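Straight from TrEMBL, the features:
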ACT_SITE  HIS69  active site, nucleophile
BINDING   LYS71, LYS300  substrate binding site
ACT_SITE  HIS298  active site, proton donor/acceptor
SITE      SER321  site 'Interaction with DNA'
Amino acid sequence: QGEVLLAVLSNYMVDMDWLLTACPSLRKVPHVLVLHGEDGASLERLKKTKPANWILHKPPLPISFGTHHSKAMLLVYPQGIRVVVHTANLIHVDWNNKSQGLWTQDFPWKKANDTSTNIGFENDLVDYLRALKWPEFRVNLPVAGDVNINAAFFRKFDYSSSTVRLIGSVPGYHVGPNMKKWGHMKLRSVLEECVFEKQFCKSPLIYQFSSLGSLDEKWMSEFACSLSAGKADDGSQLGIGKPLIVWPTVEDVRCSIEGYAAGSCIPSPQKNVEKDFLRKYWSRWKADHVGRCRAMPHIKTFTRYNGQNIAWFLLTSSNLSKAAWGALQKNNTQLMIRSYELGVLFLPKTLQSVPQFSCTDKSRSNLDKLALGKNIKTKLVTLCWKGDEEKDPSAEVVRLPVPYQVPPQLYGPEDVPWSWDRRYTKKDVYGSVWPRHG
């Protein structure tokens with residue numbers, strides 16, 4: 001939408017022909033930087049099909065088996081910047097046949113005398129962008145003159161109204177203060193600063209994702225420890241929550257809108273899925289209330305809940321793997337991460353103000369944030385929450401579009417978790433078996 005002066009598109013897989021057909025207005029953008037994770041024949045195709053003025057950059061992957069997996073867009077306008085964090089590859093099936101998630105917010109340019117740098121969102125964004133190491137380039141922007149497009153350029157916007165915190169991962173062996181900047185340790189350190197309602201003490205966790213790494217019980221408890229961080233309003237620690245994993249069954253995939261073909265985007269082998277210790281976690285992908293049962297999940301979400309009440313909610317590119325979230329090493333003094341990931345964390349305190357500003361809607365281009373007032377508490381709930389908003393005027397209720405049933409339903413005795421390297425002979429909705437060949 002609108003007059004985009006500069007676009008930064010971050011993704012893993014990019015189908016340039018599809019992207020330019022799906023979003024032809026991108027051709028009009030004078031400066032486009034694509035941060036991608038392609039290699040081999042796919043990269044050659046990307047180079048051949050990209051418009052001449054587009055710059056391609058694959059961020060460095062210093063540790064084996066890492067990927068550039070983050071999915072985001074930064075769109076610079078004369079009025080400000082639009083930040084988008086989402087879960088879809090830039091390919092047809094991801095935008096047409098899957099359940100995905102997307103968050104976006106617009107931010108104005110900083111005023112000339114604004115030198116503030118203590119905004120968490122801004123520092124997290126710039127730290128993350130700096131790690132991508134793209135070769136900086138110079139552009140002339142009608143609003144800012146000649147500028148270098150590097151990580152520091154993105155400090156020119158006022159992110160004080162941001163409704164989320166960024167949770168990123170970058171590859172490396174992170175030690176000292178850097179250990180708390182990335183992956184599950186970043187999530188832990190942000191949650192540790194938060195105060196939640198008492199009802200979330202010992203309340204359960206949900207891990208929902210579309211690819212399962214090779215995990216062990218030690219790492220699962222390390223991860224649960226991070227996601228259980230935070231205090232209750234009486235000062236006590238929330239305590240460890242019991243996790244559930246929302247994951248499609250073989251029957252869900254067979255009956256999905258793509259049939260077994262959907263399973264190629266849920267790429268987990270039997271050896272990772274069928275570990276005994278995981279059995280107690282498996283829960284159904286049920287999404288009747290939002291009509292998403294048959295659209296297989298490529299979205300990734302992590303949350304802590306009690307009934308229909310949500311303590312916090314993370315939408316991210318991170319699957320459940322050590323590569324994405326990091327694993328503690330050397331007696332917990334080092335966090336090793338293989339991949340780039342990016343997510344947005346919704347918290348009651350970040351949703352304390354309602355964003356009003358827009359880069360493309362003229363009537364909202366000079367509005368600041370609408371503060372809810374100091375004494376108003378924000379309460380996060382699912383779409384199925386049945387409370388009475390009128391009864392408690394001191395609470396602002398924010399309904400989050402959680403795309404599955406909460407609490408999740410545990411697998412029954414007949415349910416088998418999907419793994420993509422097994423044979424399935426019962427025909428799907430298209431009359432196919434899996435694998436389709438051989």
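Cβ atoms here come from the backbone N, Cα and C positions, even for glycine.
Positions of TrEMBL features highlighted on the structure.
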residue	record	Cβ neighbours (10 Å)
HIS69	active site, nucleophile	25
LYS71	substrate binding site	27
HIS298	active site, proton donor/acceptor	23
LYS300	substrate binding site	24
SER321	site 'Interaction with DNA'	23
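Of the recorded residues, LYS300 (substrate binding site) and SER321 (site 'Interaction with DNA') place their C-alpha atoms 12 Å from one another. HIS298 (active site, proton donor/acceptor) and HIS69 (active site, nucleophile) have their C-alpha atoms 13 Å apart, to the nearest angstrom.
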